[in-house]
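Asker: Below you will find the structure I want to go over with you.
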Amino acid sequence: MACRVSSWLLILCVCSSVVTLVFGAQHLTVMPTDQTAVVGDTITFHCTVAEKKGFVTWLQGGSPLNFDTMMSTGNTDYTIVYSTTAEGEAYDLQITNVGHDDANTYECTVTQGGGDGGAMSGQVVLTVIAPQAFTTEPTNTDELEGNDVTLFCSVSNKAGQIVWSLDGEDISSDSTITTSTSGYTINSPIPSVDYNLKIESVRPEHAGNYVCSVTSANGHPAITSGTAVLTVELSPRTLTPMFLPTARQTFQTEPSDTTVVEGEATTLQCSVNNKHGTVSWKKGSDIISEDTTTTSHYAIVSTTPGFDYDLYIDNTTLDDSGDYECYVSDALNGDTAITSRSAILTVYDLEIQSFATTPSDAEVVEGNVIILQCTVDHKEGFVIWSKDGVDITNDATVTNGNPKYSVVGDVGNGEYHLQIDSVALSDAGTFKCQITEADNSPAIETAEVTLDVIGRQAFTDEPVDITAVEGDSVILTCSVSNKHGALSWIKDGDVINFDLNITNDDEHFSIMSTSPNTEYNLKIDNIQIRHEGSYICKVSDSVDGDSEIISQSAIVTVHDLESQNFTSSPVDAKIVEGNTLTLRCSVENKEGSVIWSKDNVDISTDHTVTNGDSRYSIRGNSDNGRYNLQIRDVALSDEGYYECRVTAADNSLEIKTPKAFIDVLRSICTGGQSRVTKHRTY
């Protein structure tokens, strides 16, 4: 016996004349892996199935996205990329223009089919990160020769290298200065965020166009700041120091509106380029600081003295609410006063209880579990669930006596979710989560939500055995109540449709439905012999927890109209070389082409010999269906297996005769006597 195993788990075993085909069960050969993407990227999760019989479905957070190549989501950024490979059929999930809302778990699954169980890859995670971006960019600056100057550059989500350039020439890489020109340093108050370029004792050669850029890395695209022009003013020797021309004082950062809760600390920012006057903070019309001197519970904090004058307020109170401005006075060198934009500080009272999550309307199949969400921040009162206006819980205690009800979640984090096990039709109704008044918090309640309980999917009509004559049209009936899954007709393990869509490309099949989502009758027009077999109607399990159901099997029997058949066939024979041999083949109701083959190689079509050997010919009256093969002057090379077959045509399937072995004997003459010896070639 000889056996061959292919990568498709098809085992071909030949022993004598018995051939056995054993097909492996469907299984995943390529599975998805965790991925990290930058917003705007395109990613692909891979999934390949060998011996596929069911439907391939990708799940996002447990919810289906597709059935095979048909998407069930309206998001056009999601597509299934189908291909065939050595490992099987690939159903890869591609997501273009990735956004933060795509961050989720993903799983590739294959439903049951053809008697095989389903398969699943296990969950993988898509992590989506924001691209690197500037939070501060350098601005045009004028500075007097000999003074220090700082150009600012800050980046969020940094992945690449920060590079400063002057007039197109790189002068740094991250914190390293790469130019031979002296005076440059990188100042990073916040590591991996701030890469400020400080120039000490600025000189004319430092003047020019400065750009801060970040190289691409790990999927983050490269970014480039705007160009900042540094102008260096020369020091005239004829002027006294008091009247040297200098760059005007300007704000680098200004305060912005801020909201805090009473008792929290907060900082209002203010930084000044080329400061010449006195920096003061004002609350309304009141001055509360001068440079680093403050009143009350205020403080001035500075990471760069002479530049930063941030106002820090510890343990804020309601009285700290108001309008704040940063003001720089005029100076002896003639620089004029400047005032920042006004920033509003809002201080809220200590937080009162509120809902972080609330329940939503839900639909559940009876027998499943449902959880209604309710999470509370700063809980002070009692959390009470009610059903149809009647209270059923008090905090984590169920008060309605129904053991199916429970309060689940981490109560320490304010989670008071209502769970109902083995949901019954009687559990349908309106639900509400409420919190009683306590301490400083008033009573609050969520909106009423509706829980609908629906019955399990079940067959109301199932297919029955049918006998038909070839060419007839027949209908197999199948109707379902409370359908939640996908309905498929399956013939001998092969899927015919997905709901109303025929998927096997057989134009004889169609789905008839007078009641959408209930009736899915299978119609077979112009039925053929190949349509004979066992048919079942199956509804898959569903994302709402309903289980798969399978109808009774219906046997379809198709009686053939007159079809081609053999009235005579070749038989094994022995013949002495040199003689003439005739092999018989007669066909009744012939529709296809009659083909003779020797050792599985075709040698004729109808009355035409195709092997180029003039000793071969087709004999007989075709009107009587006779296509006998005649071989003149038989040679040893003519020994072998001969078969007559008729190809499929019209209503007739292909037919073959049993193979006949022709044993050619060699004639040997010795001493005037003729002796026949047997000779075979294998």
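Just so you know, glycine gets a Cβ as well, placed from its N, Cα and C.
Below are the features I grabbed from TrEMBL:
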SIGNAL    1-24  signal peptide
DOMAIN    26-127  domain 'Ig-like'
DOMAIN    131-235  domain 'Ig-like'
DOMAIN    245-346  domain 'Ig-like'
DOMAIN    353-436  domain 'Ig-like'
DOMAIN    442-557  domain 'Ig-like'
DOMAIN    564-654  domain 'Ig-like'
Asker: Need a quick answer: max count of Cβ pairs under 8 Å to the domain 'Ig-like' (26-127), which of 245-346, 353-436, 442-557, 564-654 is it?
Answerer: 442-557
Asker: Counting Cβ pairs under 8 Å to the domain 'Ig-like' (353-436), which of 131-235, 245-346, 442-557, 564-654 comes out on top?
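Answerer: Answer, by Cβ pair count: 442-557.
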Asker: Would you list the DSSP helix, strand and coil counts for the residues of the domain 'Ig-like' (245-346)?
Answerer: 3 helix, 48 strand, 51 coil
Asker: Honestly, do the domain 'Ig-like' (245-346) and the domain 'Ig-like' (442-557) touch, with at least three Cβ pairs under 8 Å and pairs 6 or more apart in sequence?
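Answerer: Answer no, regions not in contact.
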Asker: Counting by DSSP, what is the helix, strand and coil composition of the domain 'Ig-like' (131-235)?
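Answerer: Its residues divide into 3 helix, 51 strand, 51 coil.
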Asker: For the domain 'Ig-like' (442-557), what is the mean per-residue pLDDT, to the nearest integer?
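Answerer: Mean pLDDT, the domain 'Ig-like' (442-557): 93.
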Asker: How many of the residues that make up the domain 'Ig-like' (564-654) does DSSP mark as helix, as strand and as coil?
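Answerer: Breakdown, helix to coil: 6 helix, 43 strand, 42 coil.
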Asker: Of the residues in the domain 'Ig-like' (442-557), how many are helix, strand and coil by DSSP?
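Answerer: The domain 'Ig-like' (442-557) comes out at 3 helix, 55 strand, 58 coil.
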